[in-house]
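As structure tokens, the structure follows; a few thoughts come after it.
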Amino acid sequence: MGEHPGTCSDGVRLMSETRAGTDQDEDGDGDDNDDNDDDHKDDEDRRRDEEGVPHAPQFQVFRRRWFVLSVLCLLNCSNAMLWLSFAPVADQTAQYLRVSVDQVNWLSIVYMVVAIPVSFMTTWMLDTWGLRVSLVLGSWLNMVGGILRYISILKPVPAVMWGFPVLMFGQTLCALAQPLVIFSPTKLAALWFPVHQRATANMLASMANPVGLLCANILSPLIVESTNNLPLMLGIYAVPAAVACLLATLGIQRSVPPSPPSASAETSTSEPFFQGMKLLLRNRPYMILLLCFGGGTGAFTAFSTLLEQILCVKGYTDDFAGLCGALFIFCGVLGAAIVGLCVDRTKQFTEATKVNMSLSALALTAFAVVSQMQDQRVAVATVCSLLGFFGFAVYPIAMELSVECSYPVGEASSSGLIFVSGQVQSIIYTMVLQALTQELADSPFSTCEALSWRVPVLVMAGLCSLGSCCFLLLFRTDYRRLRAEGTNEQGPQYGLLTA
């Protein structure tokens, strides 16, 4: 990342001249300088000079930052909808395409498979080429993938262009776009937003992803089950992808604003990629966050993936499982909004992460108990809501915390490596939990394949609790970025202009 033009050197020169002028005034030799300064300083600057108060650095924010954030939110939401558009209607999709349900499931699994190797290239691209290139490339991959998905199932299209392979190729392009989108919130918040808005900006951009998942879980069944028209569903999902691509390509003209919003953005020269990776792997607080938060992400992904299979054994319907999933996401977005606003004011990243991870572990333990009971709909729905409220609130705060404890490593590198850890542990969790299931000889209330999930859900809750305890006891860190900016309680206050 390069420096903002005309900020660092000019700011140092201006402050040096100001100090020199003040010294001369105190010696009685600065009359000429006083006359010259009066031509260039406003009343506030003169008052500071008279009182001997040091000049505070002036940073500027631009209203366009909200447009860039809106484009990223739309892109993130669209990519999430394309990810899970087939999961709620897997049976209808398999019947329409004349393939197996397992093949349809791979349309969702491909996201996790592609994300792991591509993530390292994505972090390098974001920290080296900048935010604009990454967002524009991600938006084009997302749009082309969405259009290919739609074209692949149109009957009038020639047979060579029709079929499951083309659909999978389009879905893979969307999967390639996901890391470019998922890794951008911390970079956008750091470069475009002031200190007191960074956590909120990160929260809004990050929570657009679960909002997209919620939309897919609601819209896909409504469209397909009411019209039995799979092409219509894919056509509808392609529209937001196209709009996001248009806005990103034409509306985002630069990676950084003309003037920096904070001290860290002013000197945004992060460590080289490979050197940054070495620093991350040697950073004890970061590695604790990587393993513990990654384990929590794995548990949450396994929970959302296996929720319907866990509940159906005890006689809960698919509609009720869908309601629990919707409450899980809705309450999660609400919790992330509340915690994000609070942390922006208090800067208590560590405390917020520890509290929410601990409460998430308790909620998951409660789910392990109530999910094995029959006719406990209120209790199950309440626990799912609490799990989402505390669990989703951790994500944007933990990403900000990863930047704080690893500064000056690039934001994309620090958050990207945690994302990879979460993806790897998600796959491990899901495979292990499924392997721990046992067939039931008799299950009269089951509405699906009779499998015992008692041991898997207890193991899932136990692992999540272990990770939370380790994080609670072992994690200690200094907020390096805030310290470098001088915005902690002992540091100077910075002026902030709006344009």
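In case you wondered, yes, glycine gets a Cβ from its N, Cα and C as well.
As the structure is a computational prediction, the values presented were derived from the model and not from experiment.
Positions annotated as region 'Disordered' by TrEMBL: 1-52.
The compositional bias 'Acidic residues' annotation in TrEMBL covers 23-42.
Annotated compositional bias 'Basic and acidic residues' per TrEMBL: 43-52, in sequence order.
For the transmembrane segment (66-86), same-chain residues at least 6 beyond its ends with a Cβ under 8 Å from one of its own Cβ atoms are 93, 104, 107-108, 111, 135, 138-139, 142, 145-146, 149, 171, 174-175, 177-178, 181-182, 184-185, 188, 192, 201, 204-206, 208-213, 215-217, 219-220, 233-234, 237, 240-241, 243-244, 247-248, 251-252. The transmembrane segment annotation in TrEMBL covers 66-86 (among others).
According to TrEMBL, the transmembrane segment annotation covers 106-126 (among others).
Within the chain carrying the transmembrane segment (133-153), a Cβ under 8 angstroms from the stretch's Cβ atoms is held by residues 71-72, 75, 78-79, 82, 96-97, 122, 125-126, 161-164, 166-167, 169-177, 180-181, 183-184, 230-231, 234-235, 237-238, 241-242, 244-245, 248-249, 252, 255, all 6 or more beyond its ends. Positions annotated as transmembrane segment by TrEMBL: 133-153 (among others).
Per TrEMBL, the feature transmembrane segment maps to 159-183 (among others).
Residues or ranges marked as transmembrane segment by TrEMBL: 204-224 (among others).
What TrEMBL records for 230-252 (among others) is transmembrane segment.
According to TrEMBL, the feature transmembrane segment maps to 286-308 (among others).
With a threshold of 8 Å between CB atoms, the same-chain residues lying at least 6 positions outside the transmembrane segment (320-343) that come near it are 88, 199-200, 202-204, 206-207, 210-211, 213-214, 217-218, 221, 304, 307-308, 311-312, 349, 352, 356, 377, 380-381, 384-393, 395-397, 400. Sequence annotations record features per position, and here TrEMBL assigns transmembrane segment to 320-343 (among others).
If you look at the transmembrane segment (355-373), the same-chain residues 6 or more away from its ends with a CB under 8 A from one of its CBs are 292-293, 296, 299-300, 303, 310-311, 314, 335, 339, 379-380, 383-384, 386-387, 390-391, 393-394, 397, 453-454, 457-458, 460-461, 464-465, 467-469, 471-472. The transmembrane segment annotation in TrEMBL covers 355-373 (among others).
Tertiary neighbourhood of the transmembrane segment (379-397): same-chain residues 185, 199, 202-203, 206-207, 210, 293, 296-297, 300, 303, 307, 311, 316, 320, 323-325, 327-336, 338-340, 343, 349, 352-353, 356-357, 359-360, 363-364, 366-367, 370-371, 373, selected by CB-CB distance under 8 Å and a gap of 6+ residues from either end. According to TrEMBL, the transmembrane segment annotation covers 379-397 (among others).
Among the features that TrEMBL reports, transmembrane segment is placed at 457-475 (among others). Same-chain residues lying 6 or more positions outside the transmembrane segment (457-475) and placing a CB less than 8 Å from one of its CB atoms are 285, 288-289, 291-293, 295-296, 299, 302-303, 310, 350, 353-354, 357-358, 360-361, 364-365, 367-368, 371-372, 429, 432-433, 436.
Sequence-distant contacts of the transmembrane segment (230-252), counting only residues of its own chain at least 6 positions beyond either end whose CB sits under 8 Å from a CB of the stretch, comprise 67-68, 71, 74-75, 77-79, 81-82, 85, 89, 92-93, 96, 131-132, 135-136, 138-140, 142-143, 145-147, 149-150, 153-154, 216, 219-220, 223-224.
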